[in-house]
Amino acid sequence: MTFDLNALGWGEDFAAQGGAGRPLRVTSVHRARLMGLGPEGAVELIPHSSLSTGDIAVGDWVMAEGMVALQVLDRRSLVQRKAAGTGLARQLIAANLDVLFVVSSCNADFNPGRMERFLVLAAQAGVTPVVVLTKADQCDDPEVFRRQALALARQIAVVVLDAKRGDVGSALAPWCGPGRTVALLGSSGVGKTTIANALTGGQAAVQDIRDDDAKGRHTTTGRYLVAMRGGGWLIDTPGMREIQLTDAAEGIDILFEDLAELATECKFTNCRHASEPGCAVQAAVRAGEILPERVSRWQKLVAEAEENAVKLSRSRKAPGKGRRR
Ligand SMILES: Nc1nc2c(ncn2[C@@H]2O[C@H](COP(=O)(O)OP(=O)(O)OP(=O)(O)O)[C@@H](O)[C@H]2O)c(=O)[nH]1
Ligand SMILES: [Zn+2]
């Protein structure tokens, strides 16, 4: 299979960054090597000595000469997560995503706090979130869930569907198509695999490396960049399912724009919006303009993000810690 650069998501912003070599889209990243895709087809690459595979994510654009990836082009968006274990170094998950489908179901799985966490992740990554609510067919009144989802952010697209029998491709078409890159985020059992299969027709991932380079170890790496039936790409990586919030203050401010704005009117700049005098947020709650639950979920996310930021700065000061992989 070969693809022209635009169908792969190439654009002016990448072209303007220049650099030697030819552009390739990264379809998978392994211990020592990576796979790139371009008009010539799938190409196995090794990173230049100035780079490590830890600096490269699925979905990245690299400039390559021969089989050497020389440079990673600046990204449009980047999903990253705190690496597993105690270290707080971040691991790159997916680059240059256009849309994150935040998936939940029209049932007890629907949890506003959990949805907000996913939406903050999308905002922090610089990706447009779209809420997808599955299992509309198993619910008496899906509109109740649609309304709750619409209340999560000022401008949020919400799609309600039956992922099993509905026309998923048409429902999500506005965010897919040639050159677009999407991914799915959501708890277990909400229908991510069902949606992914509908979008890709169950197609296999792009040709991949047999990664047995590192000490004869063979790693099964899962499916990564997969072509969608209507054009565009789905990034499907196991890492997407295990993301936690790390210093997500910006993402929180984007999602909770209404509260962030009110907070600027509080009497104290470091107001926690609890029992402080002159708190504009509590005033809005008393006036019935904002739900108190939304404020408490916001406070919890802010506290968690701050705590992680502190831990992160400590681990950066400690030499030898923070290995990437
Ligand atoms: N009736 C109905 N069933 C659905 C719908 N979406 C998903 N399912 C079913 O729900 C179950 C879980 O769906 P999956 O697609 O495997 O969910 P997932 O999010 O990929 O789950 P994990 O792989 O655990 O993360 C499957 O039995 C699906 O057939 C829907 O819209 N309607
Ligand atoms: Zn306040």
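Keep in mind that glycine also has a Cβ here, set from the backbone N, Cα and C atoms.
Copied over from TrEMBL, here are the features:
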type    : residues                                                                     : note
BINDING : T134, K135, A136, D137, G186, S187, S188, G189, V190, G191, K192, T193, T194 : GTP binding site
BINDING : C266, C271, H273, C279                                                       : Zn(2+) binding site
DOMAIN  : 89-243                                                                       : domain 'CP-type G'
DOMAIN  : 95-241                                                                       : domain 'EngC GTPase'
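What TrEMBL annotates, mapped onto the structure for a quick look.
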| residue | record | Cβ neighbours (10 Å) |
| --- | --- | --- |
| T134 | GTP binding site | 29 |
| A136 | GTP binding site | 19 |
| G186 | GTP binding site | 24 |
| S188 | GTP binding site | 8 |
| V190 | GTP binding site | 23 |
| K192 | GTP binding site | 22 |
| C266 | Zn(2+) binding site | 19 |
| C271 | Zn(2+) binding site | 18 |
| H273 | Zn(2+) binding site | 22 |
| C279 | Zn(2+) binding site | 21 |
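Within the same chain, residues at least 6 positions away in sequence whose Cβ sits under 8 Å from that of T194 (GTP binding site) are T134, A163, K164, V168. For the domain 'CP-type G' (89-243), the model's pLDDT averages out at 86.
The DSSP breakdown of the domain 'EngC GTPase' (95-241), given as helix, strand and coil counts, is 50 helix, 33 strand, 64 coil. With a cut-off of 6 Å between Cβ and the nearest atom of ligand 1, the binding-site residues T134, C266, H273 reduce to T134. The Cα of H273 (Zn(2+) binding site) lies closest to that of G186, out of the binding-site residues G186, S188, V190, K192. In this structure, C266, C279 are the binding-site residues from A136, C266, C279 whose C-beta falls under 6 Å of some atom of ligand 2. Neighbouring residues of the recorded Zn(2+) site, listed in sequence order and excluding C266, C271, H273, C279, comprise A263, K267, F268, R272, A274, E276, G278, A280, V281, Q282 (Cβ within 8 Å of the Cβ centroid).
Distance between Cα atoms for K192 (GTP binding site) and C279 (Zn(2+) binding site): 41 Å, as a whole number. Put simply, C271 (Zn(2+) binding site) is 37 Å from S188 (GTP binding site) when counted between their Cα atoms.
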